[in-house]
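Encoded as structure tokens, the structure appears first; notes follow it.
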Amino acid sequence: MTFKTPDLCDEFESELGKTVRVVTPMFQRYGGRTSFSGQIVTLKIFEDNSLVREVFGEDGKGKVLVIDGGGSLRCALVGDQLAILANKNGWEGVVVYGCIRDSGDINGIDIGVRALNTHPQKTLKKGVGDKNVAVTFGGVTFNPGEYLYADEDGVLVSGKALT
């Protein structure tokens with residue numbers, strides 16, 4: 001599926017700010033895919049990526065994981081091993097409101113990644129967090145089951161499939 005977020009904004013202009021929302025530009029681009037899209041699965045965690053491994057262990061075909069890591073810049077929520085697992089299980093991409101690590105390796109993996117930045121330190125492993133709850137960051141609420149579109153120009157969230 002090919003798309004451009006500017007074209008989607010133009011095509012669905014009357015729905016902008018309603019069913020189609022533009023995420024505040026704040027993310028760095030990583031991973032081997034410059035663009036990705038899919039149905040949203042969410043995690044709300046803080047400096048503990050135990051649930052990320054669990055979710056990436058599931059079938060991710062046609063899905064994007066949105067991680068609300070509280071915007072923490074103190075550790076990385078996704079590293080190369082989790083990106084490899086996500087790719088193996090068919091995930092389209094991941095948006096991390098937090099940091100990743102092993103960015104050089106992740107850039108060679110066929111998965112789309114957006115994150116605030118990088119950090120070399122791993123997280124705690126306590127198994128704490130929530131799955132498939134509405135999360136809000138970047139001026140947008142991400143609801144499980146909605147759709148996310150990301151490319152070089154930005155990230156969009158929509159209540160319905162746009163392509």
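All positions are counted from 1 along the displayed chain.
From the backbone N, Cα and C atoms, a Cβ is placed for every residue, glycine too.
According to Swiss-Prot, the features are:
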- G79, D80, Q81, L82, R101: substrate binding site (BINDING)
- D102: divalent metal cation binding site (BINDING)
Extra residues within 8 Å (Cβ to Cβ centroid of G79, D80, Q81, L82, R101), substrate: A76, V78, A83, I84, I100, D102, D105, I106
Rounded Cα-Cα span from D102 (divalent metal cation binding site) to Q81 (substrate binding site), Å: 9
Same-chain residues at least 6 apart in sequence whose Cβ lies under 8 Å from R101 (substrate binding site): A76, V78, G79, D80, T118, H119, P120, Q121, K122
Three-state secondary structure, which DSSP defines for D102 (divalent metal cation binding site): coil
Distance, D102 (divalent metal cation binding site) to L82 (substrate binding site) (CA atoms, angstrom): 10
Three-state secondary structure, Q81 (substrate binding site) (per DSSP): helix
